[in-house]
Amino acid sequence: MKLAVQHFSHSSEIDIRVWESLENRIFYHQANFSDAEGYSVLKAYLEQLDQQYGTQGNRLFYLSTPPDYFQEIIRNLNRHQLFYHEQGAQQPWSRLIIEKPFGVNLETARELQQCIDANIDEESVYRIDHYLGKETVQNILTIRFANTLFESCWNSQYIDHVQISVSESIGIGSRGNFFEKSGMLRDMVQNHLTQLLCLLTMEPPSEFFSEEIKKEKIKILKKILPIREEDAVRGQYGEGIVQDVSVLGYREEENVDPNSSVETYVALKLFIDNPRWKGVPFYLQAGKRLPKRTTDIAVIFKKSSYNLFNAENCPLCPLENDLLIIRIQPDEGVALQFNCKVPGTNKLVRPVKMDFRYDSYFNTVTPEAYERLLCDCILGDRTLFTSNEEVLASWELFSPLLEKWSQVRPIFPNYMAGSLRPQEADELLSRDGKAWRPY
């Protein structure tokens, strides 16, 4: 375990004294999820450790398990009194972390929530989305609401469109069984990309607290218009070359149906029906086996309307759209592109870029997303965790599209591993006179 910590830690080295104090408090207990007796033994073992080390009975249960076991584990933890239902300032606490997926559609999400409601208090549930633990994602609200430069033009009057892109060069690896039940829309879009969209578009909360932020995100989710089938593209990679390595197509991967209709790429065009965003298209894309690993948000502003820079007055001034790029991974940071005069006697205008990177500006190591989120859970801070209302509102948006897709068998594969995306995804934007930004 020490070697693993050394390998994955962002810190340059581990303080051996700190590690030894932690190592002596790590214990392993094995049981079967379905074995009722195992939970009784676990309860007795935890109580023994409480007495031995004076840990006062605090419990954090992290269900990093196959989602099929969530409800069974939750019921058994409650049945064997491993959850506390009366938690005050001077009393021990019990908390539950659940990994996505939170259901596979609206119906199953409601079933999971019914199980949660019957067994543990909602305030003790932490639905983890590791994207919300990334430093740049947390910075979105600060960029927006702490800077008049951006918030004053953060609306349909000045913004042409927005692109949110998640590109992964990897395939599904050994996750074939899981991915066959999920697909890219459930695995990435319904949660990660939707959370980014909410933070990018929500109204300012009355206070910078967990519940107020969640209220504004839910309002946005409920204002997203139903997704039209013609505004959604799905794809699946075939064999190809990624970073000079030949790779299999999705249907040839381990534990994948050779005739699978599961999507490994999704592109969507969404609209938000409120005064701030009316008419602004939001383009979302996420895919596997693309050329490189990157996640970013691009806010594309409208071109200047001043006649000073039209073709007649300034033929050498082909203005580009101003851009705000929020890089989530790799190289977390923010870049601003704007038009500037080229030095010299001619009236030449070219786009230039100002680029901020966390690792070069701040003399500190950015913690891993999970590191921040686990710490918040221990402290009882739910700000960066997803609420049940957000989960259900998101499924209300995407479940109808998934149902439509299930009724029509797609022609797959429709993009090569290592290529940019399916042709249909390019056409989704070209119909609007736009194009995807480079990864």
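Backbone N, Cα and C atoms are what each Cβ position is placed from, and that goes for glycine too.
Features as listed in Swiss-Prot:
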ACT_SITE  H192  active site, proton acceptor
BINDING   K100  NADP(+) binding site
BINDING   H130, K134, E168, D187, K288  substrate binding site
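Positions of Swiss-Prot features highlighted on the structure.
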residue: K100; record: NADP(+) binding site; Cβ within 10 Å: 19
residue: H130; record: substrate binding site; Cβ within 10 Å: 17
residue: K134; record: substrate binding site; Cβ within 10 Å: 23
residue: E168; record: substrate binding site; Cβ within 10 Å: 19
residue: D187; record: substrate binding site; Cβ within 10 Å: 23
residue: H192; record: active site, proton acceptor; Cβ within 10 Å: 22
residue: K288; record: substrate binding site; Cβ within 10 Å: 25
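Comparing C-alpha positions, the residue listed as 'NADP(+) binding site' sits nearest to H192 among the recorded positions K134, E168, H192, K288. Classification of D187 (substrate binding site) by DSSP places it within a helix. The closest partner of the residue listed as 'active site, proton acceptor' among the binding-site residues, by CA position, is H130; the full candidate set was H130, K134, E168. Reduced to three states, the DSSP call for K288 (substrate binding site) is coil.
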